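A.B. asks: After the structure tokens below, expect a handful of questions from me.
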Amino acid sequence: MSIIYVLIPIAMLFVLIAIGIFFWAVKSEQFDDLDRQSVSILFDDETQASKVSKDQQSTDSSKP
Amino acid sequence: MKHLDCFHCAEPVLTGTQFTTFINNEEQVMCCPGCQAVSAAIIDAGLTNYYKYRTEPGSKQNALVPEELSSFSAFDLPEVQQDFVHQSSNISSVSLSIDGITCAACAWLIEHKLKHVNGIVKIQVNTTTERALVSWQENTIQLSKILNHISAIGYQAAPYQVDEQEIKSKNNSRQFLLKLGLAGFATMQVMMFALALYAGYFTDLEVQYRDYFRWVSLIFAAPVVFYSAQPFYFSAIRSIFSGRLNMDVSVSIAILGAYIASCIATINENGEVYFESVSMFTFFLLLGRYFEQNARQKASVSSSNLHKLIPLTAHRVTENVTKEIPAKSLKIGDVILVKPGEVVSADGVITQGMSSINEAMLTGEQLPVSKGDRCEVYAGTINIEQPIHVQVTAVGQDQLVAEIIRLQESASNNKPKVALYVDSISNYFTWTILFVAVLTYVVWKIYWPEDAFWVTLSVLVATCPCALALATPTAVTCATGIFTRIGVIVRKPGVFEKLPKIQHVVFDKTGTLTCGELEINSAELFSAMNKQEALAIAAALEMSSLHPIARAFDSYRDHQISAHSTQSHIGLGLSGSVLGTHYKIGSAKFVNLTDSDDHAIYLHDTKHLIAKFILSDSIRSDAAKTVKTLLAQGNRVSIASGDTSTHVDEVADKIGITEVNKGLSPGDKLALIQQYQSQSNVAMFGDGINDAPVLAGANLSIAMGSGAAVTKSSADLILLGDQLSRFTDAVKVAKLTEKIIKQNLCWALGYNLFIIPLAVTGHVLPYVAALGMSASSLIVVGNSLRLLKVRL
């Protein structure tokens, strides 16, 4: 049972880290626009965007 | 014929396959050249993903007129920029409000389009507030170019000045979120140890572990008490200074009292601890306040996003030289040139030219007024037909718009104050608790001095007004949630007390009962031409005009037919040739007829009258149903309109309103409302800036989502989707909310009355106090949650 004297402080440390991350997230405006952030993973793909445009150009040029 | 929808904006395509864009290896049909140009710009920039991931269709595009694009150049003037552009070294940054954002894909589209533009350092688009933050290098690119880039992909951007109020409310909201999050984390931990301590009552928990758990709880509860609960302390201190105790006073005493007592118990290793109750209570209360604050902030952002009423620049004429200058540097006596389609930038009188002026933003009436030499024009109104010279007679705060805003502000200060239930209850409640606690302490001190402190504390803890404090906020939070879901935005507190008390509903006509847009009601033909042909010719002629009447013909356009050498005749109509024939279209006077119908438009060729079109302001589809429901609920319903024509009676007749007041000025309307108020509680619907003072004067005011910015900022409620029937739903929800608040208050007061005598006599066991406190709060929260299940 005396192990809790060690484990609980460790748990407290984790909570502190979690609170730190939460504060950072709020201060860096992560919660300002919930609609956008939830789908941004679908979009942010720089290389794919340019690839699509290249495909587009090639199909455009092959168009009669 | 197969019915096609535009690939970009999803509106029906009336032009066949005339406009197409090649997207993802397929020809997609567009409804108009505007949508085609925008979709082509999106594809050319390699942003095809927009069409893949968007969840809402884009907004319909009007073909961009070169003049419109060049109007952005005004934003490059340093005097104009100094109001909203921030500079540091070579980098400038500006906040833009953007029209036309429908979903997250739009934000992605704008960011990616601009990211690759040379000279742009940073761009960040926020879909919730429909705004963008742009930083750019001053010497590489100009602001007008950036705005051009955004408009090329179909969004209208304009710089705006973030007002102090908004920055403050944003900061506030962030502080609330930090406090709430911290309280949440800490509460979870404290509850965990509380569970172990409760279990310790029934099993053997060695004293050393019990004390250890208590110390850990003490540490976790500390940030909640000293950081998260701050808003309650500040509010309590303010109310003490103002001499009227509110709920936050007893909340603060309970939080601090219970925490200090628990600390003493922990240090002395005897007595009881209440760390979990303190944390949980604080968390619940903060949650309610956070939602309330958020809903209010959202409403203030959406109304301040609307573009400014008065333009930033003006064309000043000095000795026949025209120069574009910032509007704020205009002086009385200056002469300015206002081109057709432009907004007048200062109050003045016309010195040269004549034209029609659309004064809808002042009067709410869509039909323009003809004005000639020495006629007065007002800042914010729109010149429709011909260029005019205006001599400035008033600037800044002396202008009519500023006057109206002031009138509205003074009316809102006179608003009858509806006392909140909880405010008055909490005042008595807090005094009673304080009195009982002091009395308990004194009596116990005399007879059993060693127990005095603990019994007094147990009185404070057991009577902790958790349930009472939660009764209103939880119910209001749930109701606000439903309101947001149905598209009703609550702008001001107290709406939930006022809504159920409404007995008399007054509507402005234009823009509320009607859509504020003209449509062709019927067409009468006098020659061999069929209706479709006549309408197409009329539409071709009207195309060149900016007049609201012309917009009614828009949907009848045939792209094969166009008009040549069109001429506009101010206040009369248009003439021009279509397919080789010369036509005139306009009022009865214009085609030499004697007919007094204000809303009729005649099409005439060189010899004969061809057609008569009757125009009317279209009535909202749900107006009749809403009025019927309101009457059935026992409300009085009437119209207060600035319009003098018979159209008001027609509309009233169709919708079923018998009480009609017409031809009223904003002042008359306010007087009428005040007269009604002496008999009953009045709710007022409005949309124009002329309604702002009346809205501020009514017991409850409702603005339409499409209405003017000033109107919305003075209203209590905003109907976002412009659906009138949502109002009757809102009344229903508010009535239920009132009922639930009453139930909550009865329960909370009952519980407190029951527990006080037990606590005063020292009969409340510590775990009973904690249990009672939690249970009473949970019952209140659960009862409020019933609101979310309401069927509309």
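Each residue, glycine too, has its Cβ placed from N, Cα and C.
TrEMBL does not curate its annotations; it predicts them automatically.
Copied straight from TrEMBL:
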{"type": "DOMAIN", "residues": "B:92-158", "note": "domain 'HMA'"}
{"type": "TRANSMEM", "residues": "B:176-200", "note": "transmembrane segment"}
{"type": "TRANSMEM", "residues": "B:212-233", "note": "transmembrane segment"}
{"type": "TRANSMEM", "residues": "B:245-267", "note": "transmembrane segment"}
{"type": "TRANSMEM", "residues": "B:273-291", "note": "transmembrane segment"}
{"type": "TRANSMEM", "residues": "B:428-447", "note": "transmembrane segment"}
{"type": "TRANSMEM", "residues": "B:453-483", "note": "transmembrane segment"}
{"type": "TRANSMEM", "residues": "B:745-761", "note": "transmembrane segment"}
A.B. asks: Counting a contact as 3 or more Cβ pairs under 8 Å, with residues at least 6 apart in sequence, do the transmembrane segment (B:273-291) and the transmembrane segment (B:745-761) touch?
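C.D. replies: Touching, no - the transmembrane segment (B:273-291) and the transmembrane segment (B:745-761) miss the threshold of 3 or more Cβ pairs under 8 Å.
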A.B. asks: When you scan the chain for residues with a C-beta under 8 Å from the transmembrane segment (B:453-483), skipping those not six or more beyond its ends, what do you find?
C.D. replies: 247, 250-251, 253-254, 257-258, 261, 271, 274, 277, 281, 284-285, 287-289, 291-292, 295, 420-422, 425-426, 429-430, 433, 436-437, 440-441, 444, 489-490, 496, 730, 733-734, 736-737, 740-741, 744-745, 747-749, 751-752, 755-756, 758-760, 762, 764, 766, 769-770, 772-773, 776-777, 779-781, 783-785, 787-788, 790, 792
A.B. asks: Considering only the recorded stretches B:176-200, B:428-447, B:745-761, state which has the highest number of Cβ pairs under 8 Å to the transmembrane segment (B:212-233).
C.D. replies: B:176-200
A.B. asks: In the domain 'HMA' (B:92-158), how many residues does DSSP assign to helix, to strand and to coil?
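C.D. replies: Looking at the domain 'HMA' (B:92-158) with DSSP, the answer is 22 helix, 25 strand, 20 coil.
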